[in-house]
Amino acid sequence: MVKIAIFASGSGSNFENIVEHVESGKLENIEVTALYTDHQNAFCIDRAKKHDIPVYINEPKQFDSKAAYEQHLVTLLNKDKVEWIILAGYMRLIGPDLLASFEGKILNIHPSLLPKYKGIDAIGQAYHSGDTITGSTVHYVDCGMDTGEIIEQRQCDIRPDDSKEQLEEKVKKLEYELYPSVIAKIVK
């Protein structure tokens with residue numbers, strides 16, 4: 001059984017999708033040890049409680065430095081014998097302490113066809129760009145923002161009559177298929 005921790009900052013829909021894949025047996029030999037969140041009021045906490053997943057709430061402002069924050073996370077991760085970190089809407093850059101402890105063992109999903117539209121509001125950037133396709137990317141995490149080695153991408157059309165909300169739904173649907181598929185192939 002491979003132990004993973006999932007990091008999320010917001011609603012946690014990708015977190016819950018992964019948990020449901022584990023619970024249903026579609027993601028085999030994986031144990032979700034805990035949800036790690038950096039916001040005490042994030043909706044992902046409710047999703048974790050619904051699935052009886054332990055939650056660690058650690059807000060960086062509670063620590064003297066980013067290094068102290070990440071060292072605390074590493075202590076918790078090591079206590080739970082976590083082997084992989086899965087970022088699912090975690091809105092912070094991973095720093096050197098976490099990267100050193102989990103080198104090559106941190107995955108992220110991003111709602112664009114990287115290297116296009118890194119950072120926040122990638123779907124909005126694609127929508128307003130005039131592009132005719134966008135998609136989702138799973139990549140390894142490095143010290144940059146959405147710059148790690150790309151593992152796999154899936155794409156969808158941006159139709160002229162799509163609203164931004166419709167495009168967000170299309171990309172979310174891709175993410176719900178892509179992330180568990182990549183996790184099944186990579187996390188062993």
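Yeah, the Cβs are placed from backbone N, Cα and C, and that goes for glycine too.
Note that the structure is a prediction, hence the values are computed from the model and not measured.
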Practice problem: May I ask you to find which of Asn78, Asn108 Swiss-Prot records for the (6R)-10-formyltetrahydrofolate site already listed with Lys66, Met91, Arg92, Leu93, Ile94? | Solution: Asn108
Practice problem: Taking the Cβ of Asn108 ((6R)-10-formyltetrahydrofolate binding site) as the reference point, list residues of the same chain whose Cβ is under 8 angstroms away and which are at least six residues distant in sequence. | Solution: Leu87, Tyr90, Val138, His139, Tyr140, Val141, Asp146, Gly148
Quiz item: Could you state the CA-to-CA distance between Ile94 ((6R)-10-formyltetrahydrofolate binding site) and Asn14 (N(1)-(5-phospho-beta-D-ribosyl)glycinamide binding site) to the nearest Å?
Solution: 19
Self-check item: Which same-chain residues, if any, lie at least 6 apart from Lys66 ((6R)-10-formyltetrahydrofolate binding site) yet have Cβ under 8 Å of it
Solution: Pro60, Gly95
Self-check item: Neighbouring C-beta atoms (10 Å sphere around the C-beta of His110 (active site, proton donor))
Solution: 24
Quiz prompt | Recorded (6R)-10-formyltetrahydrofolate site residues Lys66, Met91, Arg92, Leu93, Ile94, Asn108, farthest C-alpha pair in Å | solution = 20
Quiz item: On a count of neighbouring CB atoms within 10 A, which of the binding-site residues Met91, Leu93, Ile94 is highest?
Solution: Ile94
